[in-house]
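Contents: one structure, followed by commentary.
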Amino acid sequence: MKIKATLERVPGGMMVIPLFLGTLINTLFPNAANTFGSFTGALLTGALPILAVFFVCMGATIDFKATPYILKKGGALWITKILIGVIVGVIGAKFLGEGMIKSGPFVGLSVLALVASMNDTNGGLYMALMGQFGKKEDVAAYSVMSLESGPFFTMVTLGVAGLSAFPWQMLVGAILPLIIGMILGNLDKELREFFGRAVPVLIPFFAFGLGAKMNLLDVWKAGLVGILVGVAVVVITGTALFIADRLTGGNGIAGLAAASTAGNAAAVPAVVASANHAYAPVAPAATAIVASSVIVTAFLVPIITAWWAKRIGVVNNNAA
């Protein structure tokens, strides 16, 4: 059975399918973690420790030595992505505060869901698209953009938006595993390769644990909102990133390729809620919305990027 290949055919499948399975188990057997305890209980409830390891491994893949082009390209896209998250967070906070919409067609929508969806780029998708329509330096620009990974900038954005702030210790704690990984990976290339191989392996495990804290009813309610948020991510961040790419000498393809939601962004609401319990009531719905945005952006971004590349006459590097 080609289970892995089947999962990979679904956009964000390594994140989304285990997330759904965890949610299904929690919906049908809500006391499973307590009933089985031991390692089974840890697998169902241990998403945060797995995420800590994930961010150490992710940090190890970030190279301090970047060429000026990589710094310029990656830095411009990274800063633009974060600024858009801040702007959306500030505007959203005026209407939603720390809570979420509890009825109507936008039920479950919160500032946390919006910011988490917009702050983090799907690195695998970006690098695959730039491998097709860009040059190797464009692919390498993700080494700078990957600094956006994790909950740190979402926490900062929520604080800037005037919502419940986080103690400095929590902010440091949110980014410390990434920094430790960066230091280790740059001190030893073999460690970088060793830890780097674990990044994709850990994704389905923390996704399953996150799903085990959710209910299918929450996912169902978040369906339409998640689709709308995904479209908003492509339109809003895509427009800003396209402009930033053009202003830094690009043709716009890199900007469009970065207008997505990372699979691991679905983990951010739970981490934020663990750091500040004011966000605990909105975290399950936010997780479902972000997961939906992962799928929607994974479908739309390649189509839009390929369309623009064709329009400006850029040849697919993978074409025969």
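Note: Cβ is positioned from N, Cα and C throughout, glycine not excepted.
Values in this document were obtained by computation on a predicted structure and should not be read as measured data.
Here is what Swiss-Prot says about this protein:
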TRANSMEM  10-30  transmembrane segment
TRANSMEM  42-62  transmembrane segment
TRANSMEM  76-96  transmembrane segment
TRANSMEM  98-118  transmembrane segment
TRANSMEM  143-163  transmembrane segment
TRANSMEM  165-185  transmembrane segment
TRANSMEM  199-219  transmembrane segment
TRANSMEM  224-244  transmembrane segment
TRANSMEM  253-273  transmembrane segment
TRANSMEM  288-308  transmembrane segment
Same-chain residues near the transmembrane segment (199-219), Cβ under 8 Å, at least 6 residues beyond its ends:
7, 14-27, 32-33, 43-47, 50-51, 53-54, 57-58, 61, 108, 263-264, 266-267, 270, 284-285, 287-288, 291
When you check the transmembrane segment (76-96) against the transmembrane segment (253-273), do you get at least 3 Cβ pairs under 8 Å, counting only pairs 6 or more apart in sequence?
yes
Suppose I define contact as three or more CB-CB distances under 8 A, residues 6 or more apart in sequence; do the transmembrane segment (224-244) and the transmembrane segment (98-118) meet it?
yes
What residues in the same chain, six or more past the boundaries of the transmembrane segment (253-273), come closer than 8 Å to it by Cβ-Cβ distance?
12, 14-16, 19, 47-48, 51, 54, 73, 77, 80-81, 112-113, 116-126, 129-130, 133-134, 138, 141, 145, 149-151, 154-155, 158, 174, 203, 206-207, 210, 213, 230, 233-234, 237-238, 240-246, 279-280, 282-284, 286-287, 290-291, 293-294, 297-298, 301, 304-305, 308-309, 312, 314
